[in-house]
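*Asks:* Pulled these features from TrEMBL for this protein:
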ACT_SITE  Cys168  active site, glycyl thioester intermediate
BINDING   19-24, Asp43, 51-54, Lys67, 112-117  ATP binding site
BINDING   Cys153, Cys156, Cys432, Cys435  Zn(2+) binding site
COMPBIAS  559-578  compositional bias 'Polar residues'
DOMAIN    3-432  domain 'THIF-type NAD/FAD binding fold'
DOMAIN    442-534  domain 'Ubiquitin/SUMO-activating enzyme ubiquitin-like'
REGION    201-223  region 'Disordered'
REGION    535-579  region 'Disordered'
REGION    620-645  region 'Disordered'
Amino acid sequence: MASEQQLSAIKGAKVLMVGAGGIGCELLKTLALSGFKDIHIIDMDTIEVSNLNRQFLFRQSHVGQSKAKVAREAVLKFRPHISITPYHANVKDPDFNVDFFKQFNVVLNGLDNLDARRHVNRLCLAAGVPLVESGTTGFLGQVTVHVKGRSECYECQPKPAPKTYPVCTITSTPSKFVHCIVWAKDLLFVKLFGDKNQENDLNVRSSDASSSSQQVEDAFERGKDEDIEQYGRRVYDHVFGYNIELALSNEETWKNRNRPRPIYMKDVIPIELIHRNGNQVKSSVDGDSSSVSAMSSLGLKNPQDLWSLKENSTIFLEALKLFFLKREKEIGNLCFDKDDQLAVEFVTAAANIRASSFGIPLHSLFEAKGIAGNIVHAVATTNAIIAGLIVIEAIKVLQNDIKNYRMTYCLEHPTRKMLLMPVEPFEPNKSCYVCSETPLTLEINTNRSKLRDLVDKIVKSKLGMSLPLIMHGSDLLYEVGDDLDKDEVANYAANLEKVLSGLPPPVMGGTILTVEDLQQELKCSINIKHREEFDEEKEPDGMILSGWTQPPAVEKNGKTSIDNGESTSSASQATSLETEVDDDLQIIPVQTGKKRKFLDIASSDNLSVTKETKIKRKAEEIDGNKDFVMLDDENSENSKKKGEQ
C-alpha cells in the first residue's frame, strides 16, 4: 500500500516513456494502475504480428498501426481519467530536444537498441532529468537508475564490440553455420532480389574476376525470355558449383582446411523433378503475396524439421520461382525481413546448401530464422517483472529517496537463493567521456586516413553522435544540419574526402579536435596522435581510440552474442542482422562484494564498503543495433572494421 507521500509524488509527476514494445506495454499498464496521471510515450514502430505473443495491449486488428497510439487507447479503456500523450516518432527527431526533456520528472526507457539509448542518456544528462533504464532477454532482465552527478550514466560502462568476420571467411572459407546465413542473407539474397547497383562481394573472393567476369555478370542476370526454371538452375550451379570449383583451384587455401565439394543441380534433383515442381509452383501463386510460401507449395509444414540437401535445393528453386512469378515488381528493391516467410525460406535453403558443401551441420528453418533475424525469444513474465521494478525505482526517484535507489537484475537461476538481485548504483566513471568530459586520445595515420574515416568510424560509430560538429581551434572542419547553405555543404563534403594532414588547417600529431553534438548537447575533446602502421588483423580500423573502452565480443554458451554492423570495405555491403529483443541486456554477476557509494552520500548506513570484497561486473550485451561486420582483409587500405549503430 503506497504512503500518502508516495501517492502525492505519483499524482504530481510528469513521466516520459520511451518505447511501447514488450517492456513498454507492461510499463504503461503498471504506471496507470499505480496512479500516475500524466504519461507521455514515444515510439516510432508499428505493430507486427510477431509482437502479439507478449505485447498484450495489441490485437490482430491493430497490426500496422502505431504502437504508442494503440497502447494509449488500450489503457484509457480501463483508466479513462488519466492523460496519456502518444508520439508516433523517432526519439532522435529534433522535436525531442533538451527543452522537451526538461518538462519531465523522470524518463523511463524500454528501448531495443543501443543507439537510441545513448541518445536518451545524453539528453537526460543535458536536461538534468533522472533516467531509469531497463532490458530483458528471455528470463534475464535488468533495471538501472542513472542520476546526473550521483550515479554512473548509461555509457559509463563499456559495451561489447560486435563479433567480426573477414569477408574472405564469409565468401570463401566458412566454418560456422552463421557464416552461411550471412552469405545467403547479405550477399546472395541482395544479389538476386535487392538493389542491382549495390556492390557485392559474392564473386570477388572465390575467383579471378579478370578471367571470369563475363560469366560472373551473366550468372545473376535473367535473360529477357529465359525460362524461370533454367534461370534458377543456372544460379544454383554458379554459386554452389562453379564458384566452389574456382575456390578449390587455390591449393594454398586448403592446405589446413577441409576442402568443400561443389554441388550441381543435376546431382541433387533430376531434371524431370524440377519440371514437375515448376508446374506445382504455377498453380500456387494465386492470392495475397504476403502469404506466398515455398514450404506450402511443397507440402512442408513443420519449420522445426531438418531438411535434406534435396529438400533444401527444392525449396531454393521454389522460393526463387515464387519471387519472380508472384513478387516480380518488388525485385530490385527487396531487403531481407525476418517476417517475410518467403525470404526466410530462401535464405535458410541457400545457407543449408552452402553448409552442406563445406561440411557444416544443417539447421532447421526455425533455427535459421533465429540466427538471420537474431531473435532472442522474449518471455512476457520477465517483461512484467521488469516493468514493476521500473515503477518502484521511478517512485524512489520522484521522492528523491537516493539512499534506496537500486539496480536490480532478474536472473535465470537463483544466486544466493535470490532470482532478483538488487545492487547499489555505481558512482560516475571518472574516465567516461559522456558524463565526466574526459579527453579522448586517437591514434591514427594522419597522412592516410580521411576525415570521412574519422567521422564514420569514430564520431558516429563509436561516440554515437547524430549531428556532429568538428572543430580544429576556431576552424570548423565539418558540420551537418538543415540550416547550412549550399557552399557550406559543398565545402564540408569536400573536406570529408581529404586526408587529415591535407585539411585546412592540417590535423597532425598533437592536434586537439573538439567534437560536439548540438542536439545531444554533448562535447568532447580528441587528442590526435600520429601513428604510421597498424596491425590489420588486431587493429582493423586503422585507428585506436583511447579513453573510450570496449571489451571484446562475448560468446554465450558457445553462441556468439550478436550485434549489427557493416563493412567499410569498398566492395562489401553491410551485414546487418536486426535483433528482436526487448532491450540490450547487461548482466552483472553479483558476488559478496563491495557496494560502491553514491558521491556525497558516504554516511548512509545502507552502504556496505569493504576493501577485501568487490562486485565484479561482466557485460553480456545484446544490442538492437549490430551483428556481424565483414572485414575486407585483402586490401590493406580497406581493411577496416566498423563499430556500432
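Don't overthink the numbers, they just go from 1 along the chain as shown.
Here the Cβ of each residue, glycine as well, is placed from N, Cα and C on the backbone.
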*Asks:* Quick one: Cα separation, Cys432 (Zn(2+) binding site) versus Gly19 (ATP binding site), in Å?
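*Replies:* Per the Cα atoms, Cys432 (Zn(2+) binding site) and Gly19 (ATP binding site) stand 26 Å apart.
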*Asks:* Between the Cα atoms of Cys156 (Zn(2+) binding site) and Asn53 (ATP binding site), what distance do you get, rounded to the nearest Å?
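*Replies:* Cα to Cα, Cys156 (Zn(2+) binding site) and Asn53 (ATP binding site) are separated by 34 Å.
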*Asks:* Taking every protein chain in this structure into account, which of the binding-site residues Asn53, Cys435 has the most other Cβ atoms within 10 Å of its Cβ?
*Replies:* Cys435
*Asks:* Taking 10 A as the limit, how many CB atoms besides its own sit near the CB of Cys432 (Zn(2+) binding site)?
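*Replies:* If we count other Cβ atoms within 10 Å of Cys432 (Zn(2+) binding site), we arrive at 20.
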*Asks:* Please tell me which one of the recorded positions listed here (Cys153, Cys168, Cys435) sits closest to Gly19 (ATP binding site), measuring Cα to Cα?
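*Replies:* Nearest in space to Gly19 (ATP binding site), counting only the recorded positions, is Cys153.
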*Asks:* Quick one: average pLDDT across the domain 'THIF-type NAD/FAD binding fold' (3-432), no decimals.
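*Replies:* Averaged over the domain 'THIF-type NAD/FAD binding fold' (3-432), per-residue pLDDT gives 87.
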*Asks:* Pick out which of the recorded positions Cys153, Cys156, Cys168 has the most other Cβ atoms within 10 Å of its own Cβ.
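*Replies:* Ranked by Cβ atoms within 10 Å, first place goes to Cys153.
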*Asks:* So how many other Cβ atoms are close to Asp115 (ATP binding site), meaning within 10 Å of its Cβ?
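*Replies:* Summing over all protein chains shown, Asp115 (ATP binding site) has 18 other Cβ atoms within 10 Å.
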*Asks:* Show, in sequence order, which residues other than Cys153, Cys156, Cys432, Cys435 on the same chain lie with their Cβ within 8 Å of the centre of the Cβ atoms of the Zn(2+) site.
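*Replies:* Not counting the recorded site residues, we get Leu125, Glu152, Tyr154, Glu155, Pro428, Asn429, Val434, Ser436.
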*Asks:* Rounded to the nearest angstrom, how far is the Cα of Asp115 (ATP binding site) from the Cα of the residue listed as 'active site, glycyl thioester intermediate'?
*Replies:* 29
*Asks:* For Gly22 (ATP binding site) and Cys153 (Zn(2+) binding site), what Cα-Cα distance in Å is obtained after rounding to a whole number?
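*Replies:* About 24 Å separate the Cα atoms of these two residues.
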*Asks:* Compute the C-alpha separation of Cys435 (Zn(2+) binding site) from Asn53 (ATP binding site), stating it in Å without decimals.
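*Replies:* It is 38 Å, counting Cα to Cα.
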*Asks:* Measure the Cβ-based neighbour count of Gly22 (ATP binding site), defined as the other Cβ atoms within 10 Å of its Cβ.
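*Replies:* There are 28 of them.
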